[in-house]
Every structure is written in C-alpha cells, then in structure tokens.
Amino acid sequence: MTEEAKESISTKRGLRRNEILPFTLEFLRGRWFALFASFLIMASSGSVYLFGTYSNEIKTTLGYDQTTINLLGFSKDVGANVGILTGLIAETTPTWFVLLLGAALNFGGYFMIWLAVTGKIAKPMVWQMCVYMAIGANSQNFANTVGVVTAVKNFPESRGSLIGLLKGYAGLSGAIITQVYLAVYGNDSKSLIFLIACLPTALSLIFIYTIRTMGPAKHPNEHRVFNQFLLLSIVLALLLMVKTLIERKITFSKGTNAVITTVLCLLLFASLYISIREALVVWNIKKQPPTAITIEQSKSHVVESSEETSTKPTSPEQVDEKIEKSCFLTVFDKPERGMDYTILQALTSIDMLILLVTTIFGLGASLTAVDNLGQIGESLGYDNRTVTTFVSIISIWNFFGRVFSGFVSEILMVKYKLPRPLMMTMVLLFSCIGYLLIAFPFPGGLYIASVIIGITFGAQLPLIFAIISELFGLKYYATLFNCAQIASPLGSYIFKVKVTGAIYDTEALKDVAAIGLAAKQLTCIGSHCYRLSFIILASVSCFGALCSLILVMRTRKFYQSDIYQKFRENADTL
C-alpha cells in the first residue's frame, strides 16, 4: 500500500466514541502537539525586539540619559546572544527544566523592570537595571533552544523547512506581542513590560511537559503538512504588514485592535487543527492490518540489521577504548560528516571555522545595515513617516527571508542534491545588491534596498542552524547552534561601531567644518554619509559568500548522499 493510499484511508476514518480519550492522550503526548506548542512559544519570544517601544518609558520614568539607555540596550544584546550556557544546560537536563528555568529568568528580569518603572520599588542602580535586562533577554535563548532543538530531533527530515518556520515565528513575535498589547492595554508602555514578563512565562509553564524529544516517526506526507503550516504563517505575516502600513495613516481604536488580535489568534491556532488532523492520520494508519509487503520489508530489515551487527567488531578491548577516551583525546579524531561530533570536535573542525567566519562577515554586515536603516533614510532626505514605515516592516521581510531560505534550501537539497551552503552563498551575494543600492542611491532605491536587506538578513540564521545540524549531528546540537549565535554580535560590533559609525562621524565632521559651525550633534546629510561604509559592507559580504562557497566545495559529496537515510531507518514503523 502506497503512502498516499494510507493517508487517503486514514483521513476518511473518524474516531469511534471509545477511541476519543486514548487518541486525545496520545495526541497531547505526541510530537504534533509539541510542534504546535513550539510555534506558540516562538511566537511569544520577541521581547528583545520590543526594546525600542518601551525604552523611552524607562528613560522618562527613571530619569536616564541616552547613554544609559544605550547601555541597557547593550546589556539586552549580550543577554540575548550569549546562549552557550543555555545549550550546555539543555544537553544535561530534561526539557521541562530548561523551559522552567527560561520562564523564571523571563519573569524575574522583566517583572523587576516593571516594578522599577511603575515605582513599586526604590529606583534601582543602573548596574541593577542592566542585570535585569540581561536576565530577561537571556530567557529567549531557553525558548529558542527548546523550540528549535526538539523540533529538529522530532522531524529531522524536514529540518530546513521547520527551522525556517520556527525562526519566522520568532521574527514576527515582536509584532504579535505588540498587537496583543494594543488590544488588551491600549497605548501604555508600562503595561507592555508587564505583558512581556507574563505572556512568554505563562506559555512556557503551560507547555512545560509537552515539548520534549520523541525522535522521528514515519508519516505519509510530512512535507505537504509543513507547506500548510507555511501558508498559515504567510497569511499571518501579511495581516501584520497590512495592519502596520494602514496604521501609519489612521489610528485604530482599542476595539479594532481587539478584532485584529482575534483574527491573529485564530490563524495561530489553525496550526492546532492541522496538528490534530495529522495525529489522526498516524492514529488510523497504525490501526491498519500490516500488508504482506510490509511484513516482508520488516523481516528483511531485521535480517539486515542483525547481519550488520554481526559484522561489527565487538572485542572488549575496543569497547573499553571507546568508553575510556575522553572528549579531549578525541578532539582531532573526528567522525565522518553527519555523524555526532562532540562539542570540541565540532568547534575545532575546519567546516565550523569556515561557517563562523561566514557568519561574522555575512550576518554582521546584515545586522549593521538593519540597525542603520533609520539614519540612512534621514541622510538621504526621506521624510520621517516614510522612514518609520519601512523600518517597521523590516521584520516582515525578515520573516519571509527566514521561511524562504528554509523551504527553498530543503527543496534544492532533497530534490537536486545541492549543498545547503550554496543557498548561503546566493543569499550573501544577493545582499550585496542591497548594500550597493544604499552606497549609490537613486529616488526610491531605499525601498528596494530595505526589502533585499530584510530578506537576506532573515535568510541566514535558518541556513546556519540547519547546516550545523547536518554536518555535526544532533547529539550536541543545543550547544553548537548557540555557539554559532555568538559570531553575529561580534561581526555587528566590528562593522557597526568600528566601521560604519566611525566613517559616519568623520563625514558629519566634514559637513560641520564646511559650514563653519560648532558640532553640537553630529548629523550627516547626503549620499556620501554611508557610501564608503556600504561599499565595505558589500565587499565583506562578498568575502563571506566566498567562504561559504569553499564550504560548498568541501561538503559537495556529503550532500550528494542521502543524509536523511539514517533517520528514516530509525523512525517508528506505522
């Protein structure tokens, strides 16, 4: 019986009355409900994207200057990007503990900030506020680690699409939380901080025993299901984009925001319907009597497995040698690509070094461009409303980049055996066009540049996370993908502070000197302000593409093989 025939039969059959309770219990313990829970947790993990919304409230209430606010922003970035400890905790503790710890950090950090802003506690010292901010921001690493790692281990054959979806929801999370906040509280920034403290914490506690590693299982048409999840997420993103654009011209009432939020929640919970339907497919297929072909295949698989086992050396000396070798002794004794590397083996491998360099140059340049879009619009003479609009919808283009890179790279890899790093090469080369459009601007060119930069910025992280899981295995994936995240703020600091910021200040001083006025505030107006900076960003992005291309050549033979075969062999038989 073909997979399509199995699915057709299973979807036509409903549940008998005596099957409702057993099915419900199995569904709540299953991987499809865990995936739905991961979507919700990722969709609420966007507290770090909302700092600009409530930072002015902190500044006004606590009497801080802009330097202090920038220091708080730096603390947020440090907390959000230092996730190695999170990965190590996830490797050594159960998933429920990771979620519980993340919930405690989220509530503790942001609740203390809310208490300070509302005056319910004495005004904290600046260093204390920095600690609160770093703790709250660091909690997103726990949510990301649990959501991404468990989903990839439960659905390893769709990891590219899945990582794109999960990171896409994370990219939209700032807009989603903002919409919920407008519907519940109206325009009250203090209440936004309270919502950030409570909502992600509540969702983590609700699903604390739901999200866990269950391993892969066979499914008639898993890729079709993820395409449906993709369609829902795109509709959600388009709703948020249209609402954002309209909001620039008219102000929505609290009631209108409540209606929009209701529609948004319905789209989010539509994923639950798909999850229930697919769990029912699996439930009904399991009840089908095994065919003669299935029985024969099972017997042959058992015979092959026993033959493979019998040919493997099992001498006590070799077993003892494997057990006694520490991770330090096996650093340079690396397994084949796709096998489970230790953390030290992966971090000292040439493939990982190339990937980290690519991340520093590629993602560092993208972060720099995104963070400077507002000032770029100002320097090129765009009005404030226009600048605010394309900066506000950059998260939507970011979302499309994330899901696009995940799904397209999966298709190219599975159908055409093209290495996933090749997609990274194409993304980085495409980003150069956006940088050059800013370096050599023309009327309306910044609109095109912002779309390109947003898409290419979002496309990179899902590709990096998927490549790490494929080259170095899933055993220590929680730690390895958190290690890769450190490279992005390093690149951002180099290119944003040492390159773009320094060149901008130099050009601004030249303008001030030419006018003959004292420099109270350095502001540069004209196309020359960012020309050299973005020529440099285009150059380093090209260098990142070259590094990625080297990784393509190194991994070409690996990706031409069936890298998902071992997961299909280990999957539960239906």
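Glycine too: its Cβ is placed from the backbone N, Cα and C atoms.
Database features (TrEMBL):
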- 31-276: domain 'Nodulin-like' (DOMAIN)
- 32-52: transmembrane segment (TRANSMEM)
- 96-117: transmembrane segment (TRANSMEM)
- 162-185: transmembrane segment (TRANSMEM)
- 191-209: transmembrane segment (TRANSMEM)
- 229-246: transmembrane segment (TRANSMEM)
- 258-276: transmembrane segment (TRANSMEM)
- 343-367: transmembrane segment (TRANSMEM)
- 347-559: domain 'NFD4 C-terminal' (DOMAIN)
- 387-409: transmembrane segment (TRANSMEM)
- 421-440: transmembrane segment (TRANSMEM)
- 446-469: transmembrane segment (TRANSMEM)
- 532-552: transmembrane segment (TRANSMEM)
* Does the transmembrane segment (258-276) make contact with the transmembrane segment (343-367) through 3 or more Cβ pairs under 8 Å, each pair 6 or more apart in sequence? -> no
* Among the ranges 96-117, 191-209, 446-469, 532-552, the one whose Cβ pairs under 8 Å to the transmembrane segment (343-367) are most numerous -> 532-552
* Asked: Would the transmembrane segment (191-209) and the transmembrane segment (229-246) count as touching if the test is at least 3 Cβ pairs under 8 Å, pairs 6 or more apart?
  -> no
* To do: Mind pulling out the one from 96-117, 162-185, 229-246, 532-552 with the most Cβ pairs under 8 angstroms to the transmembrane segment (421-440)?
  => 532-552
* Structure fact -> Under 8 Å Cβ-Cβ from the transmembrane segment (229-246), and at least six residues away from its ends along the same chain, one finds 39, 161, 165, 168-169, 172, 175-176, 179, 252, 260, 263-264, 267-268, 270-271, 274, 389, 392-393, 396, 399-400, 403, 407
* What residues in the same chain, six or more past the boundaries of the transmembrane segment (162-185), come closer than 8 Å to it by Cβ-Cβ distance? -> 38-39, 42-47, 49-50, 53, 144, 147-148, 151-152, 155, 191-192, 195-196, 199, 226, 229-230, 233, 236-237, 240, 243-244, 252, 254, 257-258, 260-261, 264, 268, 395-396, 398-400, 402-407, 458, 461-462, 465-466
